[in-house]
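Novice: Pasting a structure below so you can have a look.
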Amino acid sequence: MYTPANNHNRSLAMSTQPTPAAARHCKVAIIGTGFSGLGMAIRLRQEGEDDFLIFEKDAGVGGTWRVNNYPGCACDVQSHVYSFSFEANPEWTRMFARQPEIRAYLEKCWEKYRLQEKTLLNTEIGKLAWDERQSLWHLHDAQGNHYTANAVVSGMGGLSTPAYPRLDGLENFQGKVFHSQQWDHDYDLKGKRVAVIGTGASAIQFVPEIQPLVAALDLYQRTPPWILPKPDRAISETERRRFRRFPLVQKLWRGGLYSLLEGRVLGFTFAPQVMKLVQRLAIRHIHKQIKDPELRRKVTPDYTIGCKRILMSHNYYPALAAANSTVITEGIRAVTANGIVDGNGREREVDAIIFGTGFTANDPIPRGVVFGRDGRDLLDSWSKGPEAYKGTTTAGFPNLFFLMGPNTGLGHNSMVYMIESQIAYVLDALKLMKRRELLSLEVKAPVQERYNEYLQRKLDRSVWSVGGCKSWYLHPVSGRNCTLWPGFTWRFRALTRQFDASAYHLTTTPLAALSNEARQQAEGVPA
């Protein structure tokens, strides 16, 4: 795999550059231990590269499937496609795996490939800065430790930082407050009056779990989601035995599920009229599970299905229809010491407030964390929303790769497929760096710009843009869709199958050591 240039005839080769004595060096630094980070580490090891470190801010691995452990937490993509292609699991017990089983799967992968020795737990990278003189990334953790790396792979994704709405008076509330991603399992909800704020993917899973326990459940809904029945079921021991004995059967099953899911993209991007048929199914689901006309009205969206993420549940609507549940659509005026005042001025007393308000997906990395060439903050480059070339690299940030980066999200299939596509692209880039003794590679700004213009043209015609809703897919400042891939996943895989060196500035000498004219040429700026 990737080895820094070490030719004795070239005094500027990276391996001859001194690094601070306190810094621990690796060729590849991987941030995060979800599907992205672990997948990258496993593939590096399979390719024979062992000089890498994995940084994980939490006390264990699993990423979002470790920290999101609220009641009812589960995947909304079938288990056999929501897993690594190179690490099939014949032991899935349900069609849609629940959080403990997915976390256990990732932990098993971590252990099988002996990644414990490469993982630094409880190590949050607080600053990441590019050093032009040495062509290295400097990483600093919260404890003050210093690391350097030739390349950095970010596997943090966009679902790592909880989003909280701004509510007047929240600081005065005397009861319990927490976000679904930071569930307080020590707090007993039994017999409590609970307010749930938000109706996203997390809320529709935990609301049915807590509704039978609480004395009263007030659900504050700004925009209702479209919800389809969830075709979940247990996978029998007979089926699991068949998958164990005949791996090809499981492979064919996985392929069939993938193809079935892949076809759904037609309604999102190519033929939005198809969504009318899906919308009828969703309306039928509402009428089947809710008898009260007023509640039906409250939970029926006024936008085209697919504009916001389509959710799946078989027990959310019955939970809302229960006698102890109230759906409040008037908004929130303020939070008081003992409750919440709605938009009509009515105060409802509660013992606890639970946020089901999602994540900061459009600004996944805060300001002051990542600094590229010339000390540029990543958020300055992303002022109109996250932007990358093939969702993986960003101009001005050499040797930095994003997995689950901008415009790689899906509304129809498994993200693991996209992650594996990106991993293959990054591996090919690292191989090129070794083969050609490169110190750095950086996507050309015009190439990145043209690629994203192409994406936005496709997205402008999609249901996500014309469906009549305001969703977290769209950046709050620019209105651009910085989240989703507007097409078939196999098309993205074709684009990332091979690293396209012509789209990049490739350097064998640190830019800081070049003459001004040579530096401008390397950066693609006319002299």
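Heads up, the Cβ atoms here are built off N, Cα and C, so glycines get one too.
The structure displayed is predicted, hence computed values, not measured ones.
I grabbed these lines from Swiss-Prot:
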type: BINDING; residues: S36, E56, T64, W65, R66, V67, D76, Y82, I125, M415; note: FAD binding site
type: BINDING; residues: A74, C75, D76, T199, G200, A201, S202, A203, I204, Q205, R222, T223, K308, R309; note: NADP(+) binding site
type: SITE; residues: R309; note: site 'Transition state stabilizer'
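Mind running through what each feature is packed against?
Specialist: DSSP assigns S36 (FAD binding site) to a helix.
Spatially close to K308 (NADP(+) binding site) yet at least six residues away along the chain are T223, P225, W226, P301, G467, C469, S471, W472, Y473, judged by Cβ distances under 8 angstroms.
The secondary structure of R309 (site 'Transition state stabilizer'), as reduced to three states from DSSP, is coil rather than helix or strand.
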Novice: Please find which two of S36, E56, T64, W65, R66, V67, D76, Y82, I125, M415 have the most distant C-alpha atoms, given that the record lists them as binding FAD, and give only that distance in angstrom, rounded to a whole number.
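Specialist: Taking every pair among S36, E56, T64, W65, R66, V67, D76, Y82, I125, M415, the longest Cα gap is 30 Å.
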Novice: Check each residue in the chain of R66 (FAD binding site) that is at least six apart in sequence and keep those whose C-beta is under 8 Å from its C-beta; list them in sequence order.
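Specialist: Counting only residues 6 or more apart in sequence, the Cβ neighbours of R66 (FAD binding site) under 8 Å are T33, D58, G60, R103, L106.
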Novice: Any idea what DSSP makes of I125 (FAD binding site), helix, strand or coil?
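Specialist: Looking at the DSSP assignment, I125 (FAD binding site) belongs to a strand.
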Novice: Where does A74 (NADP(+) binding site) sit by DSSP, helix, strand or coil?
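Specialist: Strand, per DSSP.
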Novice: Report the largest Cα to Cα distance, in Å and rounded to a whole number, among the residues A74, C75, D76, T199, G200, A201, S202, A203, I204, Q205, R222, T223, K308, R309 that the record lists as binding NADP(+).
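Specialist: Max Cα-Cα spread across the NADP(+) binders: 24 Å.
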